[in-house]
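What follows is a single structure, written as structure tokens, with notes after it.
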């Protein structure tokens, strides 16, 4: 048994992506505690900020219905948050396992006998009790101008009931004294939000997330009220009010409901139905405010109500965790960070070829990490198929080698072209904002076209074609794009090849060549944005020989390696697409001995270099991937990171860092545009629409930003 100062660390209670919670014990008093241990090496700047926010907020929290932070300790490898121990687990576990618990724990059995339910949910009196306690905590947060932003059943923890009505009154508890005590936990996403303020961040759990957040609109503390409505509905009915496989379907389901909320064959009281419906209004302006909320008949009386009879506390050991009352084989581990909840964590074990993958979504279709690359069909570049026997880069598969040979052959042929046959460039190329013929200007042009519903004519390489007229929307500010800085927080970034892909020269090539050059630049920019994300993950799993204790655990390293591998495969797919198009154009024009610009050659050489390095790194990270079912897709990784970058950009914009936020906005647009490239295993129509919607939303912010700088 390990320990930290004043505490011993016992069995694991639950595990998430960034933290593990253990049952602990205070050495001097023997009191049980929960110890949330966070591995330092897994935290980037944003996660450190969230952890710091949680700690600072919890230090202020002294309320009977808020989980208390008892102590905070740091070691060279971990942060340890010593929390109040809630032995009955979380509300989600209780709802799902109440039948099994009633068979092994008399407390739960007597509770359900006293308050039987005709639905998969809970008896209405029990729901009211929990809602009273949740509302008391919410009112406390409101007084401190705090919005939780992640209210969900997994963050509502339960403790055994008070021993007496007097004890409940002395502790200032709400609800019925003889029933379990509910407490709000996990303030990692919480923030100070004055009543007049609006936030622009997307966080929390989608199934309980307000639609204004799903729509990536500004929101205020009313978002918490939606979450309370969703949680209350689940307690009453036994399932969330809206279910979906991804963000797209979830938002679509909410919007199509038109605020019509059904409760099934066993509806609760009219008051309860009205309460939930007042909260689950898709338009926040139609949703009740906090004044009306606290005045609603369901909430009005939150004080302790004595029903007189204590529940059966026999066999209840305050030191035992709820899971210990059920056979271990039947118990899944408590998941601490279900930000995507059930729809984003679905596992797909069905094996199918890409040709059958017509409805792949951003988050629900999960590929096996054991992949191989198959011969690309026209226009589809590298396609992925599932294969249990081998990893996709095993040496016996000659497809990748064949693609590498083809890429290098074309690049070598162009490299041998005499310099005198190429028009010279007046300057070296860099990926900049403001240049009317630049790739960034066309990114804004593409996004603006989506925003206005216009169609752009392109070379047919995918749905993300840019403007071919070279006009763009450049303001001439010349602010240099640093996607690496936006991704990694450094002052300057490096691409897969250590430099930016080239962008147009000041000389104007012939129309046909200009078209192919612009097409290649766009694909290169998309590939570069994905490669940068892969490179960040690549750097995270490099072993530190001098400090082996700082290396990530194998399971964590394998997971990150798997993500890097998927991203490098996506990068290779885009780069291969670029070379396919370049090769086709070169074949048609070289026979006429037409002169080509040096810029055409430069972008081919950059693409070749990026392809080779991405392939090499993919082979490296592949060695760290353990066998088993993958937990994500490249599409989801790219989608999530693009939204995270745009959210960070909004924060930078508020702080006045216009160059930094412009970089983040434009890079996120490129990443989302990369998702729209057509291939046989591409996005479904619904997913394409949601990606286009986010591109339009981010473009609005970018246009406003540039307007402010002019």
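Each Cβ is built from the backbone N, Cα and C atoms, and glycine gets one as well.
As annotated by Swiss-Prot, active site, proton acceptor applies to 150, with the evidence given as sequence analysis. Cβ neighbour count for residue 150 (active site, proton acceptor) (all protein chains, 10 Å cutoff from its Cβ): 24.
Around the Cβ of residue 15 (ATP binding site), 17 further Cβ atoms fall within 10 Å across all displayed protein chains. As annotated by Swiss-Prot, ATP binding site applies to 13, 14, 15, 16, 17, 18, 19, 20, 21, 36, with the evidence given as sequence analysis.
Per Swiss-Prot, the feature compositional bias 'Polar residues' maps to 342-367.
Among the features that Swiss-Prot reports, compositional bias 'Low complexity' is placed at 369-380 (among others).
Per Swiss-Prot, the feature compositional bias 'Basic and acidic residues' maps to 414-429.
Among the features that Swiss-Prot reports, compositional bias 'Gly residues' is placed at 459-477.
The annotation compositional bias 'Low complexity' is assigned in Swiss-Prot to 478-498 (among others).
Look at Swiss-Prot and you will find 7-299 tagged as domain 'Protein kinase'.
Among the features that Swiss-Prot reports, region 'Disordered' is placed at 340-380 (among others).
Look at Swiss-Prot and you will find 414-433 (among others) tagged as region 'Disordered'.
Among the features that Swiss-Prot reports, region 'Disordered' is placed at 454-514 (among others).
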Other C-beta atoms that fall within 10 angstroms of the C-beta of residue 13 (ATP binding site): 24
Between the C-alpha atoms of residue 150 (active site, proton acceptor) and residue 19 (ATP binding site), the distance in angstrom, to the nearest integer, is 17
Residue 19 (ATP binding site) CB neighbourhood, other CB atoms within 10 A: 22
DSSP-derived class (H/G/I helix, E/B strand, else coil) of residue 21 (ATP binding site): strand
Could you give the mean pLDDT over the domain 'Protein kinase' (7-299), rounded to a whole number? 85
